[in-house]
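What TrEMBL records for Cys7, Cys10, Cys29, Cys32 is Zn(2+) 1 binding site. What TrEMBL lists as Zn(2+) 2 binding site is Cys76, Cys79, Cys103, Cys108. As annotated by TrEMBL, domain 'TFIIS-type' applies to 72-113. Annotation comment: TrEMBL describes 7-32 as zinc finger.
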Amino acid sequence: MSTLKFCRECNNMLYPREDKETRTLLYACQTCEHEEIATDTCVYKRVIRKPGGEPKDVLKDAATDPSLPRTRSVRCYNCNHPEAAFFQAPTKGEQAMTLYFICCNPSCGHRWRD
């Protein structure tokens with residue numbers, strides 16, 4: 001994993017730079033011209049964390065999506081609103097499809113699964 005690296009000479013941050021002659025990755029100080037050969041080729045790593053129990057493409061405004069079907073046969077557990085949008089998606093770790101509901105009350109937006 002990449003971490004911030006600091007110059008041993010002046011304690012300023014080292015920035016990744018390529019040595020075009022030897023085609024190697026270096027970390028260079030922009031203040032005192034100190035350079036170090038990189039021990040790891042990873043310059044930047046972005047970790048995206050999402051909650052585990054629901055599908056990854058559920059959006060907060062999914063209740064306003066006109067392509068999702070709606071039902072009045074269930075009530076929101078949070079605000080008792082009589083209308084909810086719903087869709088099916090596979091659940092992580094399970095082979096069966098799970099039915100997801102989204103409250104259509106704009107001030108609520110509660111999500112639950114059946």
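In case you wondered, yes, glycine gets a Cβ from its N, Cα and C as well.
Nobody curates TrEMBL annotations by hand; they come from automatic prediction.
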Per DSSP, what is the residue tally for the domain 'TFIIS-type' (72-113) in helix, strand and coil?
0 helix, 17 strand, 25 coil
Looking at the binding-site residues listed here (Cys76, Cys79, Cys103, Cys108), whose Cα lies nearest to that of Cys32 (Zn(2+) 1 binding site)?
Cys108
Tell me which of the binding-site residues Cys10, Cys32, Cys103 sits in the most Cβ-dense spot, judged by other Cβ atoms within 10 Å.
Cys103
Count up the helix, strand and coil residues in the zinc finger (7-32) according to DSSP, in that order.
0 helix, 13 strand, 13 coil
I'd like the number of other C-beta atoms within 10 A of the C-beta of Cys29 (Zn(2+) 1 binding site), please.
20
Cβ-based neighbourhood (8 Å from the centroid) of the Zn(2+) 2 site, residues Cys76, Cys79, Cys103, Cys108 excluded:
Tyr77, Asn78, Asn80, His81, Ala84, Cys104, Asn105, Ser107, Gly109, His110
